[in-house]
Amino acid sequence: MPYPMQLGFQDATSPIMEELTYFHDHTLMIVFLISSLVLYIIILMLTTKLTHTSTMDAQEVETIWTILPAVILVLIALPSLRILYMMDEIYNPYLTIKAMGHQWYWSYEYTDYEDLTFDSYMIPTQELTPGQLRLLEVDNRVVLPMELPIRVLISSEDVIHAWTVPSLGLKADAIPGRLNQATLTSTRPGVYYGQCSEICGSNHSFMPIVLEMTTLKYFEKWSSMMQ
């Protein structure tokens, strides 16, 4: 859930987002150590009175500062590639939905059902009720079962959009004529917000995404009512 003046990530709601958070901390630790070392060397050079004017080369030092960055890059690349393959892996999804971007709203189709489609528009500020979030609420939420793998097919009817839900670690481009796919699995029930993350025109900021993750029993009841 996002909140005002937030600096960190939203609480992770999917295994992928948890892995991304761990990877962020891992990379940030490496960056902090490198920055601290560089700052220490700069301060040492500015404050010391010792000079080494006779040194022409230093093979040992050059070897170290060649091998060490390569090792650091490997330590960053390996977990990154692991998460990349995890995000791309889709095995036996319980449900498939199609998200189509428009200027400026989203339309959804539950492909496993005969007639379950709807458009999702942002609720204008003047129509919000107490407790609803400005610029994030929609008239039709995407209801999905939690703890089950869901495949999302993403495309666009006009210009390039991006379907993004930060707490689930999801961001996929919606490109006209191209079908991208993503997978999501929520570990707990709740309402999760996202927005179009690709500048798509004058109302780009007004096409939010709202996912309502619920129990399988409630989802089946909701889907039968919507058809």
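Positions of Cβ are set from backbone N, Cα and C atoms, glycine also.
Cβ neighbour count for Cys196 (Cu cation A1 binding site) (all protein chains, 10 Å cutoff from its Cβ): 25. Annotation comment: Swiss-Prot describes His161, Cys196, Cys200, Met207 as Cu cation A1 binding site.
DSSP assigns Glu198 (Mg(2+) binding site) to coil, not to a helix or a strand. In sequence order, Ile160, His161, Ala162, Asp173, Ala174, His204 are the residues near Glu198 (Mg(2+) binding site), counting only same-chain partners six or more apart with C-beta under 8 A. Annotation comment: Swiss-Prot describes Glu198 as Mg(2+) binding site, evidence class similarity to another entry.
Annotated phosphotyrosine per Swiss-Prot: Tyr218, in sequence order, evidence recorded as similarity to another entry. Around the Cβ of Tyr218 (phosphotyrosine), the same chain contributes Val143, each under 8 angstroms and 6 or more positions distant in sequence.
The topological domain 'Mitochondrial intermembrane' annotation in Swiss-Prot covers 1-14 (among others).
The topological domain 'Mitochondrial matrix' annotation in Swiss-Prot covers 46-59, and the record cites similarity to another entry as its basis.
What Swiss-Prot records for 88-227 (among others) is topological domain 'Mitochondrial intermembrane'.
Residues or ranges marked as transmembrane segment by Swiss-Prot: 15-45 (among others). Within the same chain, residues 9, 72, 75-76, 79-80, 82-83, 86-87, 166-170, 184-185, 187 sit at least 6 positions outside the transmembrane segment (15-45) and bring their C-beta atoms closer than 8 Å to a C-beta of that stretch.
The transmembrane segment annotation in Swiss-Prot covers 60-87 (among others).
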Item to check | For His161 (Cu cation A1 binding site), the number of other Cβ atoms found within 10 Å of its own Cβ | outcome: 30
Next on the checklist: Under 8 Å between C-beta atoms and at least six apart in sequence, can you list the same-chain neighbours of Met207 (Cu cation A1 binding site), or say none if there are none?
Outcome noted: Gly101, Trp104, Tyr105, Trp106, Met122, His161, Gln195, Cys196, Cys200
